[in-house]
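To start, the structure itself, in structure tokens.
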Amino acid sequence: MLDINYIEQNLDEVIQRLNKRNQQDYSDDLKYVVSKNLKRKEILVKSEALKSRKNQLSKEIGTLLKEKKVDQSEQAKIEVINLNEQIIKLDEELRVVNDQILEKLLYIPNLPHKDIYFGKSDEDNVEIRKSNHSNLLKHSTPHWQIATKLGLVDFEKGVKLSGTRFLIYTGLGSKLVRSIADLLLKRHEKHGYKEIFCPLIVNKSAMLGTGQLPKFSEDMYQVGEQYLIPTSEVPLTNLHANEILAYDVLPLKYTSFTQCFRQEAGSAGRDTKGMIRLHQFNKVELVKIVHPEESMNELEMLIKDAEDVLNMFDLPYRVVELCSGDIGFSSAKTYDLEVWFPEQNKYREISSCSNCTDFQARNMQTRFKDKDSKIKLVHTLNGSGVAVDRLIAAILENYWDGEKLILPTLLRPYFDNQEFIK
């Protein structure tokens, strides 16, 4: 969430920057938060004054008892009882005001970075660069048809077992998922990421920490009081919640391959066929926890790490900077990597790399000691490295020659050095 003191001191600027998101007008919510924060400060001043008076009286009572001034000490005790009642009442008022502030803040998104492109939707995103790779085979068969023809995926049985937007990888399809995940994790390990094998179920505080809750609750799968992860960004970023890290341990870089789960509540009618939009999907995630002054440089390196995956497979792709109206809730700045799908004749997102600045860190209370031993919030970044199902779909469409799937060279050792699947 945002820093309430920054909001209070820079209200007009915060309103202006948030309104660039083109999602809603946050003016009333922000003014409400500021007014409640002033109320909170008033309560704290009153409470501290009462506590100070109570402490003073407690000392006086001891002195009065020593001097055997019983009547005066009894009067002081009565005043202490009254003060306690007032303090309890103020504490309850403070709890209510804090809850009111938190309830609003948790629904207010991160500030877009000051140099971000202004735009209303994904149509206003800006292409930064394209790869030099091209679709060599020039065939345009839908990936789901190729997957079915080769027996790599059973879409019908996925629906039979679990419903729409579920699938089953079979035979060489299962091996394809496993080999790609292994390949990606090894690559990211070489780039300094530490592999984590993390839980697929997390508690509510973890979801609050990264900003999935409360705003996106309808998109989450809930298991009792816990949640299936929508991405391993959630457990990886929360690894250091409520911790104060030493200066020299940063940056921390984590990677994980997991299944991810999303309701896709707002995606009715979109990508109903194939492997692009699933309720359960496979992804290799990249997370960084860094010094604030290094976060923008770390974002550029994060993009390069994700690009490296697509370059490994010689897939055509482009890098797009998201405009102010398209960035995610917790993000200050985001770049998408989009891979070419010849059958659709367009680029589709396969990785999203974001700098969340101190937005998530404030929720999680993940801090570090700077060189002067001052406690500060870290910055957090995350990116797909990459979405495995979408990568497989892109390989199917870009490496299909009309009769067989040409296996990318670096995958062949996993398939007994065979050159194609037919």
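Glycine residues also receive a Cβ, built from the backbone N, Cα and C atoms like all the rest.
The L-serine binding site annotation in Swiss-Prot covers Thr231, Ser232, Glu233, Glu285, Ser384, and the record cites sequence analysis as its basis. Within the same chain, residues at least six positions away from Thr231 (L-serine binding site) with a Cβ under 8 Å of its Cβ are Thr258, Cys260, Lys283, Glu285, Asn382, Ser384.
The ATP binding site annotation in Swiss-Prot covers Arg262, Gln263, Glu264, Glu349, Ile350, Ser351, Ser352. Around the Cβ of Ile350 (ATP binding site), the same chain contributes Leu310, Tyr317, Leu337, Glu338, Val339, Ser384, Val386, Ala387, Arg390, Leu391, Ala394, each under 8 angstroms and 6 or more positions distant in sequence.
Candidate binding-site residues: Glu285, Glu349, Ser352, Ser384. Fewest other C-beta atoms within 10 angstroms, Glu349.
For the binding-site residues given as Glu233, Glu264, the lowest number of other CB atoms within 10 Å of the residue's CB is seen at Glu264. Binding-site extent for L-serine: residues Thr231, Ser232, Glu233, Glu285, Ser384, maximum pairwise Cα distance 10 Å (rounded to the nearest whole number). Note: the L-serine site is recorded as Thr231, Ser232, Glu233, Glu285, Ser384; in the same chain, Val234, Leu236, Ser256, Thr258, Cys260, Lys283, Val284, Leu286, Val287, Asn382, Gly383 also have Cβ atoms within 8 Å of that site's Cβ centroid.
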